[in-house]
Amino acid sequence: MKLLTRAGSLSRFYSLKVAPKVKATEAPAGVPPHPQDLEFTRLPNGLVIASLENYAPASRIGLFIKAGSRYENSNNLGTSHLLRLASSLTTKGASSFKITRGIEAVGGKLSVTSTRENMAYTVECLRDDVDILMEFLLNVTTAPEFRRWEVAALQPQLRIDKAVALQNPQAHVIENLHAAAYRNALANSLYCPDYRIGKVTPVELHDYVQNHFTSARMALIGLGVSHPVLKQVAEQFLNIRGGLGLSGAKAKYHGGEIREQNGDSLVHAALVAESAAIGSAEANAFSVLQHVLGAGPHVKRGSNATSSLYQAVAKGVHQPFDVSAFNASYSDSGLFGFYTISQAASAGDVIKAAYNQVKTIAQGNLSNPDVQAAKNKLKAGYLMSVESSEGFLDEVGSQALAAGSYTPPSTVLQQIDAVADADVINAAKKFVSGRKSMAASGNLGHTPFIDEL
């Protein structure tokens, strides 16, 4: 397959005529292609490039950016949510119609996802069409126009998107949990506050992109593409904004409680304490503890009846319930605890029994076989999460932004094996002794407050 490249200025790029053909070299005739090793490059401007040529018929490229909701402030809340919906708006190089029609014409897909830490712009298509979608990806992320009338027309979608997401009580409780646990940064919701819907302006969108979509805050990850070509694209078109951008405030854990009385017969509740930042040895210990307690059913639509949390609660509660450990790690903090779903009348018994089970482990009642079984579950879950191209792309991109490097699965498994039984017990102790945060919704007449635990 012939590699075609064309140089051009930034102004010419906006005409969508100069991006290099992002195509991989074919294997020699008659020789079955073998996937190559992951190639990793960090440019002087801080931009990270990683690629894996797996010779798959479809390619996937993701641009990961440190621009999640934690980087919003009190004056621009909801900006990242609107950006998430604005990927098809007119840019300096293509109209909204051209972007939508161009992607559709080759059977491709452009998606935007975001967490509290990062935003990810991902394109998927047949490998022969990567150059087409790559140009749209670059336009959307480096040359948005945010025309006033297009932004205004998109505002009602914020309310719909939020309403659909928060139909799930678990999503609502998790959002409230972060708001209760933190005073800033990680307290910011993934969804635009109601009072800001209709008020996010094109100027705010431009400022957010200008301050956060910088080279040092980006990672370009490709699967099914050639590393030299991906590197050339990054050097030529993602070097527009230099510098580190706005660093953002460090998350301040404080603890607190948000209760939402709505009369639902099922009570959803989450109780957590601060844990550890992602990538640390302590975070690995909390991950093992999560699987010691029970991270959820391993059979589709199955029960969680074999977990220690479930068994502990079942001894004293005879109404239907569900309970699992909760674990979330971020770049500078983390949350660990458990999540319960129960009948309103038994909510207090379920929460207290689950809390007492963690206290039991904190007192040293933990066997080595239980720890080994938890490690095996954690390792299996991790390996299965990176088995798909989507999961692998997300893992490489997240690591590239967090650490500027990539830790292969073999090393991750060694880090999990290095967790000692005492480390897991200490993690449980940290939860028990730590300042708690709680969020609950439903008929809360029998749901205890934090100080009642």
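Every residue gets a Cβ built from N, Cα and C, even glycine.
Among the features that Swiss-Prot reports, transit peptide is placed at 1-14.
Per Swiss-Prot, the feature N6-acetyllysine maps to Lys66 (among others). Classification of Lys66 (N6-acetyllysine) by DSSP places it in coil, neither helical nor stranded.
Cβ neighbours within 10 Å of Lys199 (N6-acetyllysine), excluding its own Cβ and spanning all shown chains: 12. If you look up Swiss-Prot, you'll see Lys199 (among others) marked as N6-acetyllysine, on the strength of similarity to another entry.
Taken from Swiss-Prot, the feature N6-acetyllysine applies to Lys250 (among others). Lys250 (N6-acetyllysine) carries neither a helix nor a strand DSSP state and counts as coil.
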Where among the modified residues Lys66, Lys250 do you find the Cβ with the fewest other Cβ atoms within 10 Å? Lys250
Sorry to bug you, but what's the C-alpha spacing from Lys250 (N6-acetyllysine) to Lys66 (N6-acetyllysine), rounded to the closest Å? 14
